[in-house]
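Only one structure is covered here, and it is reproduced in the block below.
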């Protein structure tokens, strides 16, 4: 779908990109200053490659040095969410959201304002000025503004950077909602493996080499499933804590303990959300480091979440092993190599995954930002 | 107030407005080019534009006479079109405009420099051509600065003496407020007339300054402030 094959020169910095991806969400991971933003700028048309081609297969050719094609920015129909949001300070939320929509040919409008206002829960914010929006609200307006041009591709440059953990979970949940509800392919650039592995279907890894003349050479070295490139990514970026995000519905709340039960396709999760309205859709984040694995039937535990499942895969990086367990959903647990050896874990083995309700983070979309 | 004083005030205000009218579009365009473009010879062009700020106004006035007199090429062409510049109020308006152009460019350029050019890139990515981006993003964000620059341009023209006296010769009916003040100053027994014009002059300039400050404060309030985090 996305076809990139180009070289970009900027002073002592060279970026070589050869990347072809059919994924709904293609991740782009690399260290800060590794050329992620340059790659996005070349796609948008702000930076001009020295040679090569940029396009969407069978639909658009944005740049082709051999054929002398170089579409101006405004003709490329790419939705861009910039790192700094770049909302227009002289316009209110609604005017910002409709800024690009107004310039979009009515025949090409596939997304309608009401739909986007609802998806991003912006309906009640439309008359506000953008200067006093919270960080998360600004990001949502930036995403909505880009989507309302009905772009053929949505580019997200570090969309979760600079947000605290609550807002990060929230924006991540919105991105997962967009991925599920809309058919627009996305490129997601980030230096956080965790964010990318949660949203992206495949990930391209950007690596940087500095030669003896202090010239930096960046290239896309591999495209693969997020976990397949884990060990290579670990050499380039810090992996942090890997997470699994599961969408579900709050079915009941115990007023004594304050715990709510969330159902998602047969998986039952005990969580303690801020908003406990039964029937609400929510996104539950499970940190790989918080999961305990038990072989055989676990004894009586204080932990509420005890899920039976089957081990599906192992990925090693540094001293850590990421174990994928199917408990109705595929969740990831991080263990040390010693634990894996001592427990004798192997693919296909029946185990229990255990995690405290308090360790699970929950976002209910539509509720107020905290 | 005497007719000559009324005429001086009218002429000054007329010159001020003409100067702003002549300078506004080229001034904003020049400021935009200085702020957004890089090209060979830019530093030279900037020096040329800002020169009238530093060289003595009388010298600028002398050059204007040399450019517009009937023996010069420009003067000959204008003469064919029946336009007289030297010793007319047209010439005085041109002198005022030339003397205040740099001030307008400087003010507007400062404002344009403060507008994040990435906002313009964002507009482009939303389907706006460079020209449309200028009118929908750059201009609305810069307008308080443009108005403030125009006020300064107006006030500068009002106070212009050196170049104006060269091109108007300071004859009766051809005197702006500063020229009229100087005329009364040189005439014994005209202290009252002089003082009246001094007060009027201060009043007009103060009003212009207040308007300018108000607009700059307003610009400060609407300037883009990036937000990070909650």
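The backbone N, Cα and C atoms fix where each Cβ goes, and this holds for glycine too.
Look at TrEMBL and you will find B:6-34 (among others) tagged as transmembrane segment.
The domain 'ABC transmembrane type-1' annotation in TrEMBL covers B:9-215.
Sequence-distant contacts of the transmembrane segment (B:43-65), counting only residues of its own chain at least 6 positions beyond either end whose CB sits under 8 Å from a CB of the stretch, comprise 30, 34, 86, 91, 94-95, 98-99, 101-103, 105-106, 160-167. The transmembrane segment feature in TrEMBL is assigned to B:43-65 (among others).
Counting only same-chain residues 6+ beyond the ends of the transmembrane segment (B:85-105), those with a CB under 8 A from a CB of the stretch are 11, 14-16, 18-20, 22-24, 26-27, 30-31, 34, 49-53, 57, 60-61, 64-65, 68-70, 75, 78, 149-150, 152-154, 156-157, 160, 163-164, 166-169, 171, 174, 176. The transmembrane segment annotation in TrEMBL covers B:85-105 (among others).
What TrEMBL records for B:134-158 (among others) is transmembrane segment. Within the chain, the transmembrane segment (B:134-158) has long-range Cβ neighbours (under 8 A, six or more residues past its boundaries) at 12-13, 15-17, 19-20, 23-24, 27-28, 32, 96-97, 99-101, 103-108, 110-112, 115, 119-120, 123, 128, 176-178, 201, 204-205, 208-209, 211-212, 215-216, 218-219, 222-224.
Under the heading transmembrane segment, TrEMBL lists B:194-216 (among others).
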